[in-house]
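Asks: Below is a structure I'd like to ask you about.
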Amino acid sequence: SFCIPFKPCKSDENCCKKFKCKTTGIVKLCRW
């Protein structure tokens, strides 16, 4: 599937392989 960086997530599994689910402000986003 196509990788969407900085998409909302609940856990690392929701992100691409190279991304981690990190809290940014009040939301969690897939980030490096």
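Cβ from N, Cα, C; glycine included.
Pulled these from Swiss-Prot:
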DISULFID  Cys3-Cys16  disulfide bond
DISULFID  Cys9-Cys21  disulfide bond
DISULFID  Cys15-Cys30  disulfide bond
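How about a rundown of where these features are and what they're close to?
Replies: Long-range C-beta contacts of Cys3 (disulfide bond), restricted to its own chain and to partners at least six residues apart, with a cutoff below 8 Å, comprise Cys16, Phe19. Under the three-state DSSP scheme, Cys3 (disulfide bond) falls in the coil class.
On its own chain, Cys21 (disulfide bond) has Cys9, Lys10, Ser11, Asp12, Asn14, Cys15, Lys28, Leu29, Cys30, Arg31 as residues at least 6 apart in sequence with a Cβ closer than 8 Å to its own Cβ.
Under the three-state DSSP scheme, Cys30 (disulfide bond) falls in the strand class. Counting every protein chain shown, the Cβ of Cys30 (disulfide bond) has 21 other Cβ atoms within 10 Å.
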Asks: Which residue, out of the disulfide-bonded residues Cys9, Cys15, shows the minimum number of other Cβ atoms inside 10 Å of its Cβ in this structure?
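Replies: Sparsest of the disulfide-bonded residues Cys9, Cys15 by Cβ contacts within 10 Å: Cys9.
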Asks: Counting across all protein chains present, how many other Cβ atoms fall within 10 Å of the Cβ of Cys16 (disulfide bond)?
Replies: 15
